[in-house]
Amino acid sequence: MSSSRHPRALNVERWVSSSTRLLAIVMALPLFDGVFVALVLGGALDTIVGIVEVGLLVFGGSAMVAVILAEMDESPREQAKIVLTVGAVLVTGAAIQAALAPTLATMLDIAVFERFAALVILSVAASTASSRVGEYLPGPGIIILLGLVASLSPSNVAFTVQTEPLLIARAMGAAGVGVGFALVLALTSPWLRNAVELDRFRFGSAVALGVLSLSVLGVLPSEAPVALLVLVVTAVLAFDPGSARERDAVYHPDDIDITAAMSDGGQEQGLDTTTPSDPSEQTQAPDPEPDERQERLPWL
């Protein structure tokens, strides 16, 4: 199970066992459950601030941070290769969904769908903060399906595919921000593993997602980087610079086969099994006299 106890990472880990597949599914989950499409249709990528916020909070959320710092035990170089491989698929998927979004927008009442997009982000934020709360909330896919039904406008349906190159570039930029964040974490994971309080970062990310939903609703101006500021404050509070000075130690076992060493006395393993010829050279630990005034230790 995830060492960070992240609710979304735990739900995914029930179906996969490899940390590489876990990272791929966690980062690509917004593409599968419809969260990214909802954000694209809701206008979350209209500004540079929105692109950065979506990249850091949706593609590079706290679940991704938890997987890299708590689950992946490869070297930083190997982790970087994994992140780049996953990132190539992620950027491509984001571009495809952004290319289809304008056609889908002609079938919907965007003003109505934006409310459901905000509800999707709030649902993700709640499930990120607490797995118990997430059990009582509908999944993002269900909310998006209800939003499509409620905002469907058959009179505006256009059967021609419409693409906006600028929107595709923004979507790829948002995915690229998330991949870049994951790459930085992978390269610095030996130092950040001891320095980041994952649960504190998870709760702060949930708050930032809630603020992002308010921006989608129009309660907060989309140009104001409120969610980004919340995420920065969260990162500062969850970071311990004193622990970051020490590199995380990785255990490398030796080449001695314990089973073979116990069967032949360690001769085949290159161990020195000779005994001294002079009995006086054999040292024996003195047997200390028990102290009657002290109670015998329970594990003895």
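Going from the start of the chain as shown, residues are counted 1 onward.
Quick reminder: no glycine exception, Cβ is built from N, Cα and C everywhere.
Automatic, uncurated: that is what TrEMBL annotation is.
Keep in mind that what you see is a predicted model, and the values were worked out from it rather than measured.
According to TrEMBL, the feature compositional bias 'Polar residues' maps to 270-285. The compositional bias 'Basic and acidic residues' feature in TrEMBL is assigned to 291-300. Annotated region 'Disordered' per TrEMBL: 256-300, in sequence order. Among the features that TrEMBL reports, transmembrane segment is placed at 21-42, 48-70, 82-104, 141-161, 167-189, 226-244.
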For the transmembrane segment (82-104), the distant same-chain contacts (Cβ-Cβ under 8 Å, at least six residues beyond its ends) come to 20, 23-24, 27-28, 31, 36-37, 40-41, 45, 59, 68, 72, 74, 158, 160-164, 167-168, 170-172, 174-176, 178-179, 182-183, 186
Output the single range from 48-70, 167-189, 226-244 maximising the number of Cβ pairs under 8 Å to the transmembrane segment (21-42). 48-70
Chain residues outside the transmembrane segment (167-189) and at least six past its termini with a C-beta under 8 angstroms from it: 23, 27, 36, 40, 45, 51-52, 54-56, 58-60, 64-65, 68-69, 72, 76, 79-80, 82-84, 86-87, 90-91, 93-95, 97-99, 101-102, 248
